[in-house]
Amino acid sequence: LYCGRTVLSVNGSVETYGDCGVCPRGQRTDENKICRECMGSPDHYDWLYLGFMALLPLVLHWFFIEWYSGKKSSSALLQHATALLECSIAAIVTLLISDPVGSLRIRSCRVKKLSDWYTMLYNPSPDYITTVHCTHEAVYPLYTIVFIYYAFCLVLMMLLRPLLVKKIACGLGKSDRFRSIYAALYFFPILTVLQAVGGGLLYYAFPYIILVLSLVTLAVYMSASEVESFKDLLVRKKRLVVLFSHWLLHAYGIISISKLDKLEQDLPLLALVPAPALFYLMTAKYTEPSRILSEGGIGH
């Protein structure tokens, strides 16, 4: 399925081909099983997928910074900004070193089906004895560019964050101030394995993953923060920031599903972004546990 003949030389309109085998990096087979260089560019959905994979470490950085900063430290905002700077620089550098080098554009092969992500599972055995190894990146560079980005994120974090945290996180103990960095040393390998094993599945499922996770985390946050009305939201600016962040994730998920192919049909769908939060606020008072227990006690 993924084996092809490489072009050894071109004499006018006559091409000379090598033996059938693995295509060089940056190439994939055409309909005639000839290895051709990928000259296309990522479509909207490909960019949305790369954006999702780029957002994962940033969101996890922000979560653990907030989780370990608590109420003792006033440095969380600066750490959030530093995490954003690290991921932004890593993304720009990754694009600049990708082919074509020095440009924010990248050339890519088109994703045709799920098996394109797992070419190692399709190495043929013509005589049932010898296996022809044709494993290559048929979705170039959507698979490897994520690993490169994660590597730059990790290097930049190790260069910038410890110095920053050591100077500004004076409200935390010595053992607590670096916990958000330690957490990153755990989740980066997990994200790497996730991309290595499930990159193709994530490519097709990430819009729905965004919607489900954003809905669940929003409900959990508003429940844990005891938000039951619009007034509770306005009490603290942090709650509004979290709410708007979830709305951006909702919008990202909706755009990824619709791909905005037909603007007149897809743009109105963005009006559904505030719907989950509004539904929660309108129904929260009816599901308050203390109220349910008190009414049950009265009835008994």
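Just so it is clear, glycine is given a Cβ too, placed from its N, Cα and C backbone atoms.
Caution: TrEMBL annotation is automatic and unverified by curators.
The transmembrane segment annotation in TrEMBL covers 47-65 (among others).
Taken from TrEMBL, the feature transmembrane segment covers 77-97 (among others).
Under the heading transmembrane segment, TrEMBL lists 140-160 (among others). Long-range contacts of the transmembrane segment (140-160) within its own chain (CB-CB distance under 8 A, at least 6 residues past either end) are made by residues 25-28, 38, 42, 46, 49-50, 53-54, 57, 61, 82-83, 85-87, 89-91, 93-94, 97-99, 106, 108-109, 111, 117, 181, 184, 188, 191-192, 195-196, 199, 203.
Beyond its flanks by at least six residues, the transmembrane segment (181-202) meets 49, 52-53, 56-57, 60-61, 64, 67-68, 114-118, 139, 142-143, 146-147, 150, 153-154, 157-158, 161-162, 165, 209 of its own chain at Cβ-Cβ distances under 8 Å. Look at TrEMBL and you will find 181-202 (among others) tagged as transmembrane segment.
Feature annotation from TrEMBL assigns transmembrane segment to 208-227 (among others).
Residues annotated as transmembrane segment in TrEMBL: 239-255 (among others).
TrEMBL lists 267-284 (among others) with the feature transmembrane segment.
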Dominant neighbour of the transmembrane segment (77-97) in 47-65, 208-227, 239-255, 267-284, by Cβ pairs under 8 Å:
47-65
